[in-house]
């Protein structure tokens, strides 16, 4: 496909984006808004931003959800801006500096919350800054400006949603159904690989792919939940399927690890059974029926616990899968599965990374303020706004530097494009609303196609072009003002990029170490006799951390294997029949406290000391288990855990 070619699948969204822009423009001028540009810009960003993130036409509900987040972020930002202005109106410089800190604070929060919700916090940060900067000449008009900005943004969002509904958005339901079938086949094939006990790298690749696919399925569930309330039953089932899929991965990998020391546990009966190849979900269904008969014939005691647990989880997965596809009423058997254990939320491992993002945003905004005050440039305020926008939105993404480059390319492309609209097109179409709408629709259509291709600079060009062309009421054409705005955008993006380069993010290794220690803490916390604690479902949170580790350290197999081993240890110890008595319960609490100290330690020396203490406590704990005559189901996994921690103690403690 050529660089300027138009694929059929891109046309519908391009028309949708053009419609959203035209609707926002028409409504803005019809209701005599002072700056219809904000409504048009909001409609374009909400629609195009979702498509850029999806790499194509977004699924149904995605634009609506992003618009909802934008409304929340705008209202939080407006309220914060009003509070800052009321409190510090007599000290303008201090007021702007506090706004810079507020933008950094919002970026810090957005780095810690779920990535889907981070958009609202990033927006709240720079909205307050926009209000404070814009009202500098006339501070008494602050409430009016805040209300107008909120109104224009809500109009833009409503227009984007209307355009999305008008062109029948894609439903993700069929994709979910297909992925459920395919994922079950992949789970069976992983178990086959693990029972064969072949090449470790092949097994690593297989389970790594399944972790990514299960995480992607969880993302699809979020999209389906946003799409319509009629998928509420499917959403409940998919939430349980996520845990079941992770359980299948864990049991398969434990089957592989067990054979490293005790290959005789997997009998020839099961080896021969899993030799049969499967291609479709129907093949898996037949094999599972046969496997349940084999287990009933051999007996539960003669069946390896990992295979028995795997079959139970696969059977539940199959039952819920049928319910998701048909979206029928939840029956009693399904309800029993869905009334599972409560999921545990873990503390973010990216706190240091979040603090780096805070300083990047705060320092870049302060640098913009100093540049504005030093030069006295009329568009210094525009440069400040772009600095806040770039740093607030870029920091949460995996590669902030590339986001800043995208904005630089976009603002550079917006200069000639905006010049064409400012000097030629808009002056010749302002007498006709129809011609003005057509001219902006053409802009939205072609940039909408490029946005779906994730063309570098396309998203920045769309937003920057709309921002600098005259879409005010009434329209005024001052070339110096246009040029100042265009150059202000470019300078702001360059300054933001400079700060991102200068303030290095060296938090990757620290985040990796914290993640690994959180896996250790989870495995230690599984050693408990507390019934409520044993019922807690840590699996989704643990695999979410594993997925983050895989993204932070692509290709680092030793780290992935260590993390997976800790997850397996957690699951095995969680189900182990630990003797119930006060002596062991008190020691469990002591080990949990020590594991927490390992995570929270700020220096390598403290971390090594607490980790050494944890290893000593594990030795004492094993002795206590022997005294209390704990069965092998308890002593063996504890011994394996202690051995793993001894082996990898340097990786878990040293910076």
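Quick reminder: no glycine exception, Cβ is built from N, Cα and C everywhere.
Segment annotation: Swiss-Prot labels transmembrane segment over residues 482-502 (candidates 335-355, 482-502, 503-523). If you check Swiss-Prot, you'll see residue 62 and residue 566 are listed on opposite sides of the membrane. With Cβ pairs under 8 Å as the measure, the transmembrane segment (459-479) is packed most heavily against 38-58, out of 38-58, 69-89, 152-172, 431-451. Taking residue pairs at least 6 apart in sequence, the transmembrane segment (38-58) and the transmembrane segment (431-451) share three or more C-beta contacts under 8 angstroms.
By the Cβ criterion (under 8 Å, sequence separation of 6 or more), the transmembrane segment (93-113) is not in contact with the transmembrane segment (38-58), since fewer than 3 such pairs are found. Against the transmembrane segment (69-89), stretch 152-172 shows more Cβ pairs under 8 Å than any other of 13-33, 38-58, 152-172, 407-427, 482-502. Looking at 13-33, 38-58, 152-172, 370-390, 482-502, the range that has the most CB pairs within less than 8 A of the transmembrane segment (121-141) turns out to be 370-390.
Summarising model confidence by region, the topological domain 'Cytoplasmic' (391-406) averages a pLDDT of 81. Remote same-chain residues near the transmembrane segment (13-33) are listed as 39-40, 42-44, 46-48, 51, 56-58, 148, 151-152, 155-156, 159-160, 162-164, 166-167, 433, 436-437, 440-449, 451-452, 466, 471, 473 (criterion: CB distance under 8 Å, separation of at least six residues from the stretch ends).
The highest tally of CB pairs under 8 A with the transmembrane segment (152-172), across 38-58, 370-390, 482-502, is held by 38-58. Packing against the topological domain 'Cytoplasmic' (142-151) from elsewhere in the chain are residues 33-35, 38, 74-75, 78, 81-82, 85, 127, 130-131, 134-135: each is 6 or more residues past its ends and has a CB under 8 Å from a CB in it.
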